[in-house]
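Feature annotation from Swiss-Prot assigns NAD(+) binding site to 81-86, 115-119, 139-140, Lys152, Lys161; the stated evidence is sequence analysis. The Zn(2+) binding site annotation in Swiss-Prot covers Glu194, His256, His274.
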Amino acid sequence: MTAPLKHSDPVNVDVALGDRAYDIVIGRGVLASLGERVAALRPGVRTAVVTDRTVAKHWLEPTEASLAAAGIPTSRIVVEEGEISKTYAGLEKVSEALIAAKIERNDLVIALGGGVVGDLAGFAAAILRRGVDFVQVPTSLLAQVDSSVGGKTGINSPQGKNLLGAFHQPVLVIADTAVLDTLSPRQFHAGYAEVAKYGVLGDEAFFTWLEKNHSDIFKGGSAREHAIATSCRAKAGIVSRDERETGERALLNLGHTFGHALEAATGFSDRLFHGEGVAIGMTLAAQFSAKLGMIGEADAARVERHLIEAGLPTRLQDIAGFSQEGLADADALMALMAQDKKVKRGKLTFILLEAVGRAVIAKDVEPAPVRDFLKEKLAQKA
């Protein structure tokens with residue numbers, strides 16, 4: 001079991017959704033407060049903790065201990081790590097286990113893990129008995145700053161990422177920054193892409209701060225907590241104004257139209273983590289914006305330079321097995337992008353840049369210039 005955590009004063013970020021508002025509690029050691037917070041939210045509740053095998057080794061026992069100390073009965077559901085669980089089969093396994101555990105509508109599902117576990121457990125909670133509340137306990141940087149906030153849940157289809165799902169807001173998010181100490185460098189760096197995204201899409205001052213301080217975020221301490229809290233405030237603000245992604249929330253998809261296609265082309269495997277796909281996608285979005293004359297080449301280069309300095313891939317050729325079927329084929333990538341949730345009447349919607357710190361929604365983008373741009377990028381030497 002992981003050594004006891006050192007604590008820091010928690011930071012609370014409010015997701016203002018009226019009677020469905022909830023707190024994101026950020027800090028080192030806040031996992032220990034899970035039980036008392038759940039008991040205060042829902043006296044007499046029973047819980048089921050959904051996690052994966054890797055997270056369970058480090059954080060399942062401390063989670064169960066916190067719940068037990070508050071007198072909260074719980075059961076555990078452990079799935080395989082990674083996108084392999086974010087499938088029909090994974091959803092069936094978790095749903096049937098929740099039914100077997102007799103989780104009722106007034107109980108709570110607790111998602112203890114990264115983005116996959118949060119999406120999977122949240123979707124299972126959304127459909128169980130037509131809706132059971134859930135708590136997010138994100139254990140990856142990506143999940144703490146992005147997927148645990150805002151209520152998007154779901155699974156992948158063989159035809160594309162996140163094509164099946166529901167909006168189902170958590171009732172609480174516990175983001176313990178100490179749990180990130182157990183991530184591999186590659187996992188942490190992949191999550192950092194989502195942190196950088198908030199600066200690129202809407203906060204140039206934050207992006208400038210990241211350029212100067214990203215190495216301190218990797219080390220931990222106050223810089224890490226500041227980056228996570230700033231990211232969560234940015235997302236919480238957007239979600240509170242546009243919960244169902246009818247407008248502004250689409251900006252959060254910066255880098256994702258390209259990125260999701262690349263994830264699908266690599267079979268949702270560890271050849272390309274989600275955050276790595278976002279980093280490449282964000283770079284491509286900046287470069288495509290420059291090609292369209294929306295930003296200068298210097299701005300596009302600035303975005304790419306920072307992502308490289310943060311240890312992230314930025315080129316298609318950076319993907320393992322780049323020459324394998326589907327990845328080096330512009331038409332195949334276009335077909336995958338055509339499955340994107342933002343496609344309308346066959347035309348693509350992209351999040352593009354007018355400046356570093358100012359993203360816009362570009363609707364009805366014709367496929368031809370995108371295809372030509374991809375062919376240009378695919379032709380670059382490794």
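Yeah, the Cβs are placed from backbone N, Cα and C, and that goes for glycine too.
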Practice problem: Give the distance between the Cα atoms of Asp119 (NAD(+) binding site) and Glu194 (Zn(2+) binding site), rounded to the nearest whole Å. | Solution: 16
Quiz item: Tell me, by DSSP, whether Gly115 (NAD(+) binding site) is helix, strand or coil?
Solution: helix
Quiz item: If we check Cα distances from Val117 (NAD(+) binding site), which of the binding-site residues Glu194, His256, His274 wins as closest?
Solution: His274
Quiz item: Out of Glu194, His256, His274, which of these binding-site residues is nearest Gly115 (NAD(+) binding site) by C-alpha distance?
Solution: His274
Quiz item: CA-CA, which of the binding-site residues Glu194, His256, His274 lies nearest Ser85 (NAD(+) binding site)?
Solution: His274
Quiz prompt | Residue pair Glu81 (NAD(+) binding site), Glu194 (Zn(2+) binding site) - Cα distance, angstrom, rounded | solution = 20
Quiz item: Taking just the CA atoms, what is the gap between Ser140 (NAD(+) binding site) and Glu194 (Zn(2+) binding site) in Å?
Solution: 11
Practice problem: Indicate the candidate from Ser85, Ser140 with the smallest number of other Cβ atoms within 10 Å of its Cβ, considering only these binding-site residues. | Solution: Ser85
Quiz item: What other residues of this chain sit with their CB within 8 A of the center of the CB atoms of Glu194, His256, His274, the recorded Zn(2+) site?
Solution: Leu142, Asp146, Ala193, Lys197, Gly255, Gly259, Gly275, Gly277, Val278, Gly281
